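Some features that Swiss-Prot has for this protein:
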- 45, 48, 77, 94: isopentenyl diphosphate binding site (BINDING)
- 84, 88: Mg(2+) 2 binding site (BINDING)
- 84, 88: Mg(2+) 1 binding site (BINDING)
- 93, 170, 171, 208: all-trans-polyprenyl diphosphate binding site (BINDING)
């Protein structure tokens, strides 16, 4: 199923999600309204709330509470973006100035805190202790992942295992929670819950692998941020590690130095040459496709419905995208 058909299938539910997001962002504090609206209207993909919507429908849910789960998932994602951009000193996201560039670091951090706490208010409104447990654990793991990534900055010696732990924690865990919590809310079977959980984990991993790849081979304007940001920030992502381990000794030393020192955007062209020579970008894409295939396989426990087909379609879209 292509994105157009997925959007048609989820149009009513996603309209409810967007309305819930705007309603729950409302505050008596004007700056929260201004910055909150600035970030949520920034043209994000909404893939995480869409997973939540589709997962609930795929196991036969007919109520409306999945809209709340979808909205709070987007809130958690939004709060992490606000904090990430401060940590990374980013100035562009989704083709426009980041919130910290537009409003300042302090406002971004504090509004991020507000959005986190509002997400937990929404969780408690669902009346499901298990959903609260899963989401609380997910947010904790996400925070750990961000700290792990911070520890890995400027470290060219991190292992692939360490890298995969980081992307599971900071990205895939929220995908996993989105699918799992919707299944829990819908009263799905344990087998279906496990299938949804695995789907989210594998899809989130594939999604982040493609994100890391696009940092090196996308068009900056289309990507909506600066190409080579990871290199400039000294982040050792999988494409960079592959090129360092499979390139010439000279290329390996250049990449090692770029990671250690940061501020390496001027080395982007020779780094890309090394990646192309080693097939690093294609290798990373293949790894992402393997994860997407695992995500699709995990859905076999679900009934064969258009909702399941849409989840399968999302897995394909995640690895075929160019932004």
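Here the Cβ of each residue, glycine as well, is placed from N, Cα and C on the backbone.
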Are there any residues at least 6 positions away along the chain from residue 208 (all-trans-polyprenyl diphosphate binding site) with a Cβ closer than 8 Å to its Cβ? List them or say none. 167, 170, 171, 172
Between residue 45 (isopentenyl diphosphate binding site) and residue 93 (all-trans-polyprenyl diphosphate binding site), find the distance joining the two CA atoms and give it rounded to the nearest Å. 12
Could you state the CA-to-CA distance between residue 88 (Mg(2+) 2 binding site) and residue 48 (isopentenyl diphosphate binding site) to the nearest Å? 22
Across the binding-site residues (45, 77, 88, 93, 170), the Cβ with the fewest other Cβ atoms inside 10 Å is that of 45
Any idea what the Cα distance is from residue 77 (isopentenyl diphosphate binding site) over to residue 84 (Mg(2+) 2 binding site), rounded to a whole Å? 10
Given the binding-site residues 48, 84, 171, the candidate whose Cβ has the fewest other Cβ atoms within 10 Å is 84
Per DSSP, to which secondary structure element type does residue 171 (all-trans-polyprenyl diphosphate binding site) belong, with helix, strand and coil as the options? helix
